[in-house]
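Novice: Okay, here's the structure, questions in a sec.
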Amino acid sequence: MKTILDFHEKKIKNQKISMITCYDYTFARILSQSNIDCLLVGDSLAMTMHGHKTTLNASVNMMALHTAAVVRGAGDKFVIGDLPFMSYRKGLTANMNYVEKIMKAGAHAVKLEGAAGNIELVRHLVDSGVPVMGHLGLTPQSVNQLGGFKVQGRDEKAQKKIKEQALQLQDAGAFSIVLECVPSKLAKEITASLEVPTIGIGAGPDCDGQVLVLQDMLGMNEGFKPKFLKTYFNGFETLKDVFNDYHQEVTTGAFPTEKESYS
Ligand code: KIV
Ligand code: NA
């Protein structure tokens with residue numbers, strides 16, 4: 001997928017959209033030659049790349065730096081950059097300056113969390129030529145307000161609110177909406193109610209697409225086993241074994257040999 005028009009087309013043709021997070025040049029190069037539809041430079045990089053406990057520590061500078069690195073390796077893949085915690089709640093001029101940094105780092109679109117207080121900004125960004133992806137349900141930047149990383153939209157009132165917010169984001173011009181950790185039934189209803197595609201994570205099989213955090217799906221995030229996650233590689237153990245093989249060969253003198261040496 002190369003533009004937001006492809007998101008629209010996929011929804012019309014009933015074709016699922018695959019999205020994965022990416023934070024660096026090396027993985028972007030691999031992904032650029034894969035069939036994955038689009039890359040998200042998620043603010044989850046605060047956790048995966050920088051070791052913080054939540055995404056609150058992601059800054060605009062971090063997002064711009066990682067976005068630029070990803071874009072250098074991403075070829076013609078569509079790249080979405082997250083707007084980090086607080087960066088879109090500071091008034092229009094400051095918000096726009098931050099968005100400008102992410103877009104000039106090479107993102108093709110930005111993503112922001114929640115609808116309350118963001119609708120006017122989404123409209124303004126879209127009118128300014130910046131495609132916006134929404135994000136509803138479990139919005140990790142609000143982890144302290146939500147009281148933890150919990151499934152959202154459990155009761156009817158919360159479900160009604162999320163449904164309304166999805167429509168508000170669509171009306172404001174969002175080209176797609178991430179639904180994170182909501183019951184499958186709610187995600188299905190929202191997906192059916194929207195013209196723009198939904199991208200699920202912990203939102204069941206009926207969204208228009210799916211996103212996973214790269215380190216999580218590669219099994220590199222040791223001990224992280226939420227219900228929604230499927231791992232496609234035993235990254236942590238496999239890589240640990242590889243490093244141990246290298247250590248073994250270095251310490252026993254098996255590497256390097258003549259073969260890897262200059263005469
Ligand atoms: O930052 C992130 O990785 C995300 C996805 C999980 C949707 O926002
Ligand atoms: Na994010």
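Here the Cβ of each residue, glycine as well, is placed from N, Cα and C on the backbone.
According to TrEMBL:
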{"type": "BINDING", "residues": "ASP43, ASP82, GLU113", "note": "Mg(2+) binding site"}
{"type": "BINDING", "residues": "ASP43, SER44, ASP82, LYS111", "note": "3-methyl-2-oxobutanoate binding site"}
{"type": "ACT_SITE", "residues": "GLU180", "note": "active site, proton acceptor"}
Novice: Could you tell me the maximum Cα-Cα distance in Å between the residues recorded as binding 3-methyl-2-oxobutanoate, namely ASP43, SER44, ASP82, LYS111, rounded to a whole number?
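Specialist: The widest Cα-Cα gap among those binding residues is 12 Å.
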Novice: Those recorded positions, ASP43, GLU113, GLU180: which ones have a Cβ sitting under 6 Å from ligand 2?
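Specialist: What lies within reach of ligand 2, judged by Cβ under 6 Å, is ASP43.
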Novice: About how far apart, in whole Å, are the alpha carbons (Cα) of LYS111 (3-methyl-2-oxobutanoate binding site) and GLU180 (active site, proton acceptor)?
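Specialist: That separation, Cα to Cα, works out to 13 Å.
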Novice: Tell me which binding-site residues (ASP43, SER44, GLU113) have a Cβ under 6 A from ligand 1; sequence order is fine.
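Specialist: Passing the 6 Å Cβ check against ligand 1: ASP43, SER44.
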Novice: What residues, ordered by sequence, lie under 8 A Cβ-to-Cβ from GLU180 (active site, proton acceptor) and sit at least six positions away in the same chain?
Specialist: HIS135, LEU136, GLY137, LEU138, THR139, PRO140, GLN152, GLY200, ILE201, GLY202, ALA203
Novice: Taking DSSP as the reference, which of helix, strand or coil describes ASP82 (Mg(2+) binding site)?
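Specialist: SS state of ASP82 (Mg(2+) binding site) = strand.
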Novice: Looking only at C-alpha atoms, tell me how far ASP82 (Mg(2+) binding site) is from SER44 (3-methyl-2-oxobutanoate binding site), rounded to the nearest Å.
Specialist: 9
Novice: Measuring Cα to Cα, how far is GLU113 (Mg(2+) binding site) from SER44 (3-methyl-2-oxobutanoate binding site) in Å?
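Specialist: For GLU113 (Mg(2+) binding site) versus SER44 (3-methyl-2-oxobutanoate binding site), the Cα atoms are 13 Å apart.
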Novice: Excluding ASP43, ASP82, GLU113, which residues of the same chain place their Cβ within 8 Å of the centroid of the Cβ atoms of the recorded Mg(2+) site?
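Specialist: Neighbours found: GLY42, SER44, THR55, ALA58, LEU83, PRO84, PHE85, LYS111, LEU112, HIS135, PRO140, GLN141.
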Novice: Validating a neighbour-count step here. Other CB atoms within 10 A of the CB of ASP82 (Mg(2+) binding site): how many?
Specialist: 28
Novice: As a test of the contact definition, list every same-chain residue at least 6 positions from ASP43 (Mg(2+) binding site) whose Cβ is closer than 8 Å to its Cβ.
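Specialist: Non-local contacts for ASP43 (Mg(2+) binding site): THR55, ALA58, MET63, ASP82, LEU83, PRO84, PHE85, PRO140, GLN141.
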Novice: Validating a neighbour-count step here. Other CB atoms within 10 A of the CB of LYS111 (3-methyl-2-oxobutanoate binding site): how many?
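Specialist: For LYS111 (3-methyl-2-oxobutanoate binding site), the count of other Cβ atoms within 10 Å is 24.
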